[in-house]
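Features reported for this protein in Swiss-Prot:
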SIGNAL    1-22  signal peptide
DISULFID  104-114  disulfide bond
DISULFID  131-140  disulfide bond
DISULFID  278-320  disulfide bond
DOMAIN    486-533  domain 'PSI'
DISULFID  607-644  disulfide bond
DISULFID  611-650  disulfide bond
DISULFID  622-634  disulfide bond
DOMAIN    653-702  domain 'TSP type-1 3'
DISULFID  665-696  disulfide bond
DISULFID  669-701  disulfide bond
DISULFID  796-833  disulfide bond
DISULFID  800-838  disulfide bond
DISULFID  811-823  disulfide bond
DOMAIN    841-896  domain 'TSP type-1 5'
DISULFID  868-880  disulfide bond
DOMAIN    897-944  domain 'TSP type-1 6'
TRANSMEM  969-989  transmembrane segment
């Protein structure tokens, strides 16, 4: 392109002029400390992910007892995954049926809500207890943990699983088989409860519709600790008088609680709750009131909790740590009690300090807990607040909300370090080191991004596996496995030590960053954790994306053309804090229009003729430049011609005449040569040859044969008797030759004859003695070689498993002499020997692992085995010595009683047998539990008055004979007795009628009106409870509308509440809030 493009106006219009140096940065901004961030691209090679088509909401994670599999609950699916790489072992689809979905739609719920969201996922022995919302009709199943399609039982999920997937809930399964669940018990979620079911103990729940027990709670977690079951939740604070405020709570119940008697029946008698405080200290403390998640470290009795501010306030989160002893101290302290709704909340002494779930040994309330039932009904809330271990939260962060927490205890070089993993609502995990002492603070070690840039979503679940140092994260569309030890990520000693990672240290021997377990020497392993790591804020500039192509103009001399231009900026990111500027063009120009231009003419080509008129050519092309993108093409011709040699006459034409005929062939057969010729006219200088040759008569000549005459007889040798031999020769030759004179001597023919010495018999001819080749020679003394006999076979090279032996012979019987033939064949032979395999002695394999104990109690046994296969004995080898099986006793403790009481004996059947039954009271029987029969039979036991039917049949004939013995005396006795009996009956009837008339007369007297129950059957029971509030008395007898028949695992529709129309008032005119 001629000239330069003038694009200054384009640069100014697109704003692409940038300074050569980075813009001035705020020094304070460049010096502030920020925590390291591990991007999704950096953490990607360490991650393992599992996804499944159509599966979402991976919100429930748990491990099998052997910690080899991860069990995952998602919407409409259950999965079993390998812990190593999250590969799929088994997938089970668990959807709602169409009828249930239609019923859900009819209640105004959306398609998203009317699905089966897994909300309970608990492992008990080799069984998996799982519950799902099932389109607002919760259902639970008990499955085999090794095969999720094998369903052992299916029961209602009411009171065990929430109806809505939006409701928070928690559940746990104790070792004895009881299920403790905290969830909403009805469709709209207005009846929250902490409920116990299954197992051997009676079902219990918190009081229904009583805000002092539970006030719109959001359940977070539950733990089985000692004699108690603890629940953690947040709820509207009933003791807060000024506005609506949410408090976090810790509640507990005794595991041996069986409810009250006459009061608090089917209701907890040991339920107590206390407030959890997590606040930032100051003149006016800043409270983090809403508990979001907890994590329990049983080895240290520590409970880590995540607390946040209210959703309507500024976003802020904190981590507070509570000691179990502090929680127990609050429950041992005084209660906070409100006499009535207009009274203040005041402390009240605890009637049972240091309560440890003791029970009554005797009396009417045997087996009930030591708490007084009236106290259990009134005193629920503790006065003292549970304070954290430290006055300042272990970790605080503004402008973010944490949703889940997991804690790992790591052995550093000098001390144990607690590492807290916090899940944020925007899809990252923050790794925090807890304070090392009361005076030190926490450190944010790093933040792990689980999604690519510009994408985020909340984390659904968080599970840590301490034995393998692995973190499992449940997200909306997949599950992620994150290794906690990523020491090899740091390549240098400075990066390893500067990361301040308690998992990692620099091994001076191996010269690399390793974990403590991987190090070769503790003394050579360097680590530093007291300080917090900071991120280098120096950022090198990087170009952002190119802008779209836009039209622009350019000038080329006097012509104006158009182009397409695009630009990019150094802002992704922009260089900061001394970072490098972007390298490369900030603008690209393409598709500029260009007018075509002619190239210079080429030189004239040589004349087309050397004499006479010819022409010459020259050319040019429109490629200087070539027209592009709408530019103008060149104007004019691209080729010119001119004449040449128009005055140079040509000389006479010199040329060859035509070829003459072929001459005679030089040979009649066997291949000859023939020639033809031409002459040059008008001169001697014609180009080329005047003679041309070709082969001829290439066919083979006929075969010629020629025999020489016999030579004269010549004597050969003389024998002992004076006779002698004579011989003569002749030769025969044949060949395909054109000339017979070219024949050469070929085969030799010899004849021999014997001539006697006396000449009487003349000479006799033996005929042909032999034919020899032309160069051959005949000798009567030639000796051909012959083999000697074979030697014996040599010793075998091996005693077994296939060896080799050989034998030899020599060509000396006789040796070849005077040109005789040598021996034919091998002089050495080989043969396989001892082909049978060698004997192999047996060797024991390693002992197998001990098998599972055959019984969980009462004495069982386990065993281990080994086999004689390493290798096995073979081919006569010795067998292994010793035992192939070892057994040992296990679980010798006495078994608890697992059977219910025997039922009453049944009525005798036709075969004279009675039957009684019993049932196993354990939901998950393991090993020898519930061993024995469920039925028992015995022969019927008859009393002395029972007469079998056979006896009656046999005595019928005797009775017929006795009927004839009835006489007159008998008739008189019967008549007298009947008269006396009639008189007595008449007297009784008269007396009854007189009393009835007296009562009717009394009924006509008018009495004052008093309230009476519509159903007076409970009046006596109400009178027994005069000392309690009457409303409470009605509540005690107004049974909960949800009562479980645990044996049959269904809800009894015939048990409904009773309603009374009258009101009962106490002397104090007290009312209890509902």
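The backbone N, Cα and C atoms fix where each Cβ goes, glycine too.
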Practice problem: List the residues of the same chain that sit at least 6 positions away from residue 131 (disulfide bond) in sequence and have their Cβ under 8 Å from its Cβ, in sequence order, or write 'none'. | Solution: 118, 119, 120, 138, 139, 140, 141, 157, 160, 161, 171
Exercise. Show which residues of the chain containing residue 696 (disulfide bond), separated from it by at least 6 in sequence, have their CB under 8 Å from its CB.
Key: 662, 665, 666, 667, 671, 672, 673, 674
Quiz item: Non-local Cβ contacts of residue 880 (disulfide bond) (under 8 Å, 6 or more apart, same chain)?
Solution: 842, 843, 844, 868, 873
Quiz item: Can you give the mean pLDDT for the domain 'PSI' (486-533), rounded to a whole number?
Solution: 87
Exercise. Please spell out the DSSP helix, strand and coil residue counts for the domain 'TSP type-1 5' (841-896).
Key: 0 helix, 13 strand, 43 coil
Quiz item: If one measures from the C-alpha of residue 811 (disulfide bond) to the C-alpha of residue 796 (disulfide bond), what distance in angstrom results, rounded to a whole number?
Solution: 25
Practice problem: Rounded to the nearest Å, what's the C-alpha distance separating residue 104 (disulfide bond) and residue 833 (disulfide bond)? Just drop the number here, would you? | Solution: 86
Quiz prompt | residue 823 (disulfide bond) - helix vs strand vs coil (DSSP) | solution = coil
Quiz item: For residue 701 (disulfide bond), what is the secondary structure state per DSSP, taken as helix, strand or coil?
Solution: coil
Exercise. State the Cα to Cα distance, in Å, between residue 634 (disulfide bond) and residue 607 (disulfide bond), rounded to an integer.
Key: 28
Quiz item: Just counting, how many other CB atoms are there within 10 A of the CB of residue 800 (disulfide bond)?
Solution: 13
Quiz prompt | DSSP-derived structure type at residue 104 (disulfide bond), helix or strand or else coil | solution = helix
Quiz item: Mind checking how the domain 'TSP type-1 6' (897-944) divides into helix, strand and coil residues in DSSP?
Solution: 0 helix, 12 strand, 36 coil
Practice problem: With an 8 Å cut-off on Cβ-Cβ distance and a minimum sequence separation of at least 6, pull the same-chain contacts of residue 833 (disulfide bond), or say none. | Solution: 793, 796, 797, 802, 803, 804, 805
Self-check item: Number of helical, extended and coil residues in the domain 'PSI' (486-533), per DSSP
Solution: 9 helix, 10 strand, 29 coil
Exercise. Pick out which of the disulfide-bonded residues 650, 669, 823, 838 has the most other Cβ atoms within 10 Å of its own Cβ.
Key: 823
